[in-house]
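Chemist: Got a structure for you, written out below as structure tokens; questions coming shortly.
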Amino acid sequence: MADSRKILTPLRSVYFTQFLSSFADNLNFFIIVGMVSRHGFANENAYITNIQIAFLLAYVILAPIVGAYADKTAKSHVLLVGNLFKSIGVGLLFFGLNPIICYMILGIGAVIYSPGKYGILTELTDNEGDLLRANAMIEGSAIIAIVFGTVAGGILAGISDFAGILTCFIFYLTSLAFTFKIPKKSGNPNIRYIQGSLAFFKDLRSLLAYRQARFSLIGTAAFWMTSAILRIALLKWLIDYLDITDTMNQSIILGTVGLGVVFAAAVTAKLVPVGKLHNAYLFGFLMVAAILLAALLPQIVFAIFMLFAMGFFGGLFLIPLNTILQEVGKNVVGAGKTIAIQNFVENGLTVSGLIVYTVLASYNVDIKLSIVVVAVILLLFVSYLATQVGKVRKESDSL
């Protein structure tokens, strides 16, 4: 029993539940891609984009209330409820419900789960260094889950819908079980949902009053917008330019992006040390370069190398920015509300980006050009961050 307690420490339990839930998140994406492909939709790329938008809209719509919920409720319970909704969303696929509706329910689970996943880290760590390492572990385990979930999803999508859906369901339930090993630290009982929801935009303004928070939110939102669009665009790019049509090979190739982030998580603390987290913006420029090179020089071996570089530089860009936001946010509006605000900003921008991508696709813009447009938009955001570094550093020194 003692050995079991040593293995399943609270932080490790968080890592396990996060890994399993994230694995299933990425597994079900390719399962649904396979279902859409087999059912012969007229415009598969547009339908997959709509599924992704439905998922992300849950983040935007529910953001005002989930932050209050996460700060009022024990974080372990928040994780449990999030996994429960995810399980329901996947389970409804068994009954033939429209994938867009199922994916929106999955989105509800994800938006509930997210503030619990990140918010609990501030409760289980004692300082910025420990928080940075915990963030790196969370991001690293999430990206390992993305790599293996993506590959497994591609394989299962080629076998049967039932096997893929059942696997997702089992992983969500197992993730749910691990939440019982996480301490139930009480939240703030004085928080009221209606008042908390109404105060959401006041909290947003309070957080944005800090340059560090604005800097972080702009960077992370730009990263996730880019990632969400590329997740869909690269599928079409693989078909159009590399003639790779089966979901298994597509998932293996796209999994190299996640592998790059795994390596980034392992070295983030050394390459972007505490006290210099704002320097992470430099890796945003390198991420842009990797995207452009991959799109413009479509050769399979080179493309795989560039996709890995894209993930590596993207991870070095993202992880320190997340740490900045959590450190500032927990003292300004609370950890749960900070993550809810982050979800609102990131996914609001991502939905906007996906709409732009949909418009480009509706005009039959070449997928290579669409990817270049995405890279240029990311470049504009990173360039803006570069102009703010001095002011951010000055604010950081004064706090």
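For all residues, glycine too, the Cβ spot is worked out from N, Cα and C.
All TrEMBL annotations are machine predictions without curation.
Not my notes, these are from TrEMBL:
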TRANSMEM  15-36  transmembrane segment
TRANSMEM  48-70  transmembrane segment
TRANSMEM  90-113  transmembrane segment
TRANSMEM  134-156  transmembrane segment
TRANSMEM  215-239  transmembrane segment
TRANSMEM  251-272  transmembrane segment
TRANSMEM  279-297  transmembrane segment
TRANSMEM  303-324  transmembrane segment
TRANSMEM  344-363  transmembrane segment
TRANSMEM  369-386  transmembrane segment
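Mind running through what each feature is packed against?
Modeler: Same-chain residues lying 6+ beyond the ends of the transmembrane segment (48-70) with a Cβ under 8 Å from its Cβ atoms: 32-33, 36, 78, 99-101, 103-104, 106-108, 110-112, 114-116, 119, 187, 191-193, 196-201, 203, 228, 231-232, 235, 333-341, 343-344, 346-348, 350-351, 354-355, 357-358, 361.
Residues of the same chain lying 6 or more positions beyond the ends of the transmembrane segment (134-156) and with a Cβ under 8 Å from any Cβ of it are 11, 14-15, 18-31, 33-34, 117-118, 121, 124-125, 163-164, 167, 246-252, 254-255, 258-259, 261-262, 265-266, 268-269, 311, 315, 318-319, 322-323, 326.
Through the fold, the transmembrane segment (215-239) approaches residues 29, 33, 45, 48-49, 52, 56, 207-208, 245, 250, 253-254, 278, 280-281, 284, 287, 291, 295, 298, 307, 314, 317-318, 321-322, 324-325, 328, 341-342, 345-350, 352-354, 357, 367-368, 370-371, 374-375, 377-378, 381-382, 384-385, 388-389, 392 of its own chain, all at least 6 residues removed from its boundaries and within a Cβ separation under 8 Å.
Sequence-distant contacts of the transmembrane segment (251-272) (same chain, six or more residues past either end, CB-CB distance under 8 Å): 30, 129, 132-133, 136-137, 139-140, 143-144, 146-148, 150-155, 157, 231, 234-235, 238, 244, 279-280, 283, 303-304, 307-316, 318-320.
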Chemist: For the transmembrane segment (344-363), could you work out the same-chain residues 6 or more beyond its ends whose Cβ comes under 8 Å from its Cβ atoms?
Modeler: 45-46, 49-50, 52-53, 56-57, 59-60, 63-64, 200, 204, 217, 220-222, 224-226, 228-229, 232-233, 369-370, 373-374, 377
Chemist: Out of 15-36, 90-113, 303-324, 369-386, which stretch has the largest tally of CB pairs under 8 angstroms to the transmembrane segment (279-297)?
Modeler: 303-324
Chemist: Do any residues, 6 or more residues outside the transmembrane segment (369-386), come within under 8 Å Cβ-to-Cβ of it, and if so which ones?
Modeler: 215, 218-219, 221-223, 225-226, 229-230, 233-234, 237, 281, 284-285, 287-288, 291-292, 294-296, 353, 356-357, 360-361
